Amino acid sequence: MLSRLFRMHGLFVASHPWEVIVGTVTLTICMMSMNMFTGNNKICGWNYECPKFEEDVLSSDIIILTITRCIAILYIYFQFQNLRQLGSKYILGIAGLFTIFSSFVFSTVVIHFLDKELTGLNEALPFFLLLIDLSRASTLAKFALSSNSQDEVRENIARGMAILGPTFTLDALVECLVIGVGTMSGVRQLEIMCCFGCMSVLANYFVFMTFFPACVSLVLELSRESREGRPIWQLSHFARVLEEEENKPNPVTQRVKMIMSLGLVLVHAHSRWIADPSPQNSTADTSKVSLGLDENVSKRIEPSVSLWQFYLSKMISMDIEQVITLSLALLLAVKYIFFEQTETESTLSLKNPITSPVVTQKKVPDNCCRREPMLVRNNQKCDSVEEETGINRERKVEVIKPLVAETDTPNRATFVVGNSSLLDTSSVLVTQEPEIELPREPRPNEECLQILGNAEKGAKFLSDAEIIQLVNAKHIPAYKLETLMETHERGVSIRRQLLSKKLSEPSSLQYLPYRDYNYSLVMGACCENVIGYMPIPVGVAGPLCLDEKEFQVPMATTEGCLVASTNRGCRAIGLGGGASSRVLADGMTRGPVVRLPRACDSAEVKAWLETSEGFAVIKEAFDSTSRFARLQKLHTSIAGRNLYIRFQSRSGDAMGMNMISKGTEKALSKLHEYFPEMQILAVSGNYCTDKKPAAINWIEGRGKSVVCEAVIPAKVVREVLKTTTEAMIEVNINKNLVGSAMAGSIGGYNAHAANIVTAIYIACGQDAAQNVGSSNCITLMEASGPTNEDLYISCTMPSIEIGTVGGGTNLLPQQACLQMLGVQGACKDNPGENARQLARIVCGTVMAGELSLMAALAAGHLVKSHMIHNRSKINLQDLQGACTKKTA
């Protein structure tokens with residue numbers, strides 16, 4: 001119960017950082033203002049003399065106070081020194097903010113407690129610094145730093161608050177009760193010190209629960225820009241260190257603390273209210289007397305300077321003990337900043353070699369090393385490189401010997417996703433990293449697990465062989481390799497090594513690239529158990545003149561003639577004055593299936609859903625799940641006791657399946673409240689219908705419904721398309737209409753719409769499987785113009801399932817293709833416009849492809865063009881493959 005409350009609190013604070021920070025700062029400033037402008041107007045040393053205070057100053061307490069200050073500074077120094085070992089400047093910065101703001105809040109409370117007397121801060125601040133604990137603050141920061149995105153930052157902060165919040169609350173309560181015992185000692189100086197301690201604990205707790213998590217969230221949001229995709233503050237090795245089980249409190253310790261708290265509460269109650277009910281010895285009065293604030297011993301004087309000058313002079317004036325303290329602080333600061341940074345960076349480097357490599361080029365002998373996948377990491381390498389480094393370490397480009405004979409592999413395919421200028425065919429790129437000596441023989445599993453769980457070491461202190469050993473022993477799940485390694489690429493590399501040993505041909509993966517790819521955008525979003533990426537040729541067709549705009553359309557395909565043919569269609573459309581398009585409907589669908597006790601009950605639910613009241617109830621529940629999802633209509637059908645409900649809703653610039661599914665689930669829960677006997681069988685009952693041929697998509701539409709048209713002049717038909725209008729119309733009727741009807745096609749009244757749709761989908765990061773429904777298209781042609789020699793063509797596509805955010809559109813190469821079309825990401829001015837524009841481009845490009853292919857068929861050029869452009873001229877017998885191998 002408490003964990004849930006703290007989780008909700010942490011999620012709220014992390015989701016609204018500006019509001020929380022402004023609120024806490026405003027509250028603190030208001031408290032400071034109340035201290036300055038209200039309350040007692042007697043200020044010791046300015047308008048009143050405090051003779052007793054002078055006596056206290058001359059006492060031997062100065063030595064003790066100076067020692068206390070020095071110890072406090074050393075304590076803070078060692079805490080920050082420990083934080084530096086974690087290797088993150090963000091933890092240091094956030095911890096510094098925590099310390100500064102906590103000190104500010106504490107100072108405000110102390111000034112209020114001392115009735116505007118600043119002198120008491122000299123005694124109070126050392127006790128505050130001694131009681132401040134940066135370990136919990138840094139732990140919460142590490143929860144946030146283990147995130148891959150801003151949304152995950154908020155979730156991890158909430159999870160951290162759920163784990164740390166109850167423990168910190170109980171610890172703060174126990175500390176206050178224990179330190180508070182000193183306020184009942186009767187010794188005035190001890191009472192004041194204990195009051196300072198209690199205020200220190202409360203100030204720390206207040207800042208930790210409000211300002212600090214909001215500040216962490218805001219700092220990481222402002223610094224979320226990344227190089228090569230990974231957030232610059234993301235530290236993946238924290239993910240395994242901060243498992244919830246390791247941070248959960250010991251239940252025995254918690255029970256002891258609770259029992260202790262109850263006992264201390266009884267002690268305080270007995271001492272304050274039963275044994276001595278009189279308020280004479282209150283701590284506030286005692287502190288005032290001890291600091292010379294008693295009205296009876298104070299004498300009024302005339303101020304010689306203004307109040308702010310008085311405070312400024314007291315801050316500037318320094319005694320010998322303050323000089324000692326300040327000197328120690330400055331010396332430690334200089335040592336920490338200038339002398340320890342180099343030492344720390346030489347022993348620990350947590351920088352991601354993908355995000356910020358320092359690259360040098362080293363010449364190596366020809367044919368000595370190959371840039372290809374490896375089976376054993378760093379055990380086989382060039383002597384020249386080994387002599388240079390003398391160690392085993394991770395490289396930007398790993399150097400190993402080929403897996404097959406060098407004579408069989410004279411050439412190697414090289415693929416780079418990123419800056420290709422860093423590659424040199426005659427050199428090997430080596431990332432300069434701190435030297436980490438790894439043993440040649442794998443160490444025992446127990447020792448490897450200890451290194452893996454050490455926050456200061458981690459996976460980069462283990463060799464690939466040791467990681468594989470841990471995977472085989474089931475200590476590391478194979479699917480978690482990317483999150484546990486210091487880089488995602490190394491996790492992919494190790495998985496390839498594991499897989500290669502299980503394949504009949506160990507060198508099968510040598511032509512499947514995996515290096516220089518931003519896997520941080522893939523993990524948790526696009527693919528699992530990654531072993532590489534598939535480079536697909538991307539061509540461009542265009543310019544496509546559509547709606548008085550020109551588009552260069554990217555197409556990823558391995559089918560020859562496709563891009564060239566589409567490009568010819570684009571040219572014909574452009575010479576004819578361009579094409580026009582309209583979006584007829586926009587609504588993604590999800591069709592769950594529910595069951596009721598009887599068919600008549602299903603009919604009653606269907607009738608209720610068709611009423612305005614029922615639709616309004618369901619729409620309210622559905623729309624509450626997203627700021628983009630807006631339920632448009634419901635389409636219901638009955639099959640016996642089963643009721644199929646087709647939800648149709650807009651989804652902004654997202655394709656929308658996940659968004660609509662979430663709304664559908666909430667709507668079904670609301671429907672269940674009205675019909676408790678209803679049983680939800682599946683959130684998808686194939687009534688959507690997704691990734692399957694279905695007449696309902698062809699008739700009702702799904703996603704974006706688009707129509708596109710163009711008029712091609714007779715001259716362009718003859719000179720560019722090399723045929724006649726009459727011939728194209730004849731082929732279109734008998735092929736696309738009659739032929740498809742004879743085949744019983746559903747939505748397939750076209751020549752090859754799926755070709756263009758799939759090529760654009762792959763290039764632009766769409767779900768390629770959705771070409772099944774998205775390729776529904778009817779192509780119509782007819783004669784037009786004054787002499788009926790011009791060609792009018794139209795393509796109607798009622799179910800284009802497409803989006804510009806989410807899924808594969810987050811990958812950088814796919815984003816580049818979307819940027820070519822000017823539709824990358826979400827449209828801020830008109831949500832959903834980018835996705836609709838992309839759907840119009842798809843329809844227009846399909847029309848261009850239809851135009852060119854139909855012309856080729858009418859002219860009899862299809863086979864001839866494919867023989868020229870779609871046949872490989874390479875002698876396959878010269879290549880080594882699964883079925884055709886050269887004999888020895």
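Any Cβ shown, glycine's included, is placed from N, Cα and C.
Per Swiss-Prot, these features apply:
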type: TOPO_DOM; residues: 1-9; note: topological domain 'Cytoplasmic'
type: TRANSMEM; residues: 10-39; note: transmembrane segment
type: TRANSMEM; residues: 57-78; note: transmembrane segment
type: DOMAIN; residues: 61-218; note: domain 'SSD'
type: TOPO_DOM; residues: 79-89; note: topological domain 'Cytoplasmic'
type: TRANSMEM; residues: 90-114; note: transmembrane segment
type: TRANSMEM; residues: 124-149; note: transmembrane segment
type: TOPO_DOM; residues: 150-159; note: topological domain 'Cytoplasmic'
type: TRANSMEM; residues: 160-187; note: transmembrane segment
type: TRANSMEM; residues: 192-220; note: transmembrane segment
type: TOPO_DOM; residues: 221-248; note: topological domain 'Cytoplasmic'
type: TRANSMEM; residues: 249-275; note: transmembrane segment
type: TRANSMEM; residues: 315-339; note: transmembrane segment
type: TOPO_DOM; residues: 340-888; note: topological domain 'Cytoplasmic'
type: BINDING; residues: S626, R627, F628, D653, A654, M655, G656, M657, N658, M659, I660, S661, N870, R871; note: NADP(+) binding site
Intrachain residues whose Cβ lies under 8 Å of the topological domain 'Cytoplasmic' (1-9), provided they are six or more past its termini: 158-159, 161-163, 165-166, 209
Coarse DSSP state, helix versus strand versus coil, of A654 (NADP(+) binding site): strand
Remote residues contacting the topological domain 'Cytoplasmic' (150-159) - C-beta distance under 8 A, at least 6 residues beyond either end: 7-8, 10-11, 13-15, 140, 143-144, 213, 216-217, 220-221, 224, 244
Helix, strand and coil residues within the topological domain 'Cytoplasmic' (150-159) as assigned by DSSP: 10 helix, 0 strand, 0 coil
Among S626, N658 [binding-site residues], residue with fewest other Cβ within 10 Å: N658
Helix, strand and coil residues within the topological domain 'Cytoplasmic' (1-9) as assigned by DSSP: 8 helix, 0 strand, 1 coil
Cβ neighbours of G656 (NADP(+) binding site) where a neighbour is any other Cβ within 10 Å: 28
Other CB atoms within 10 A, centred on I660 (NADP(+) binding site): 27
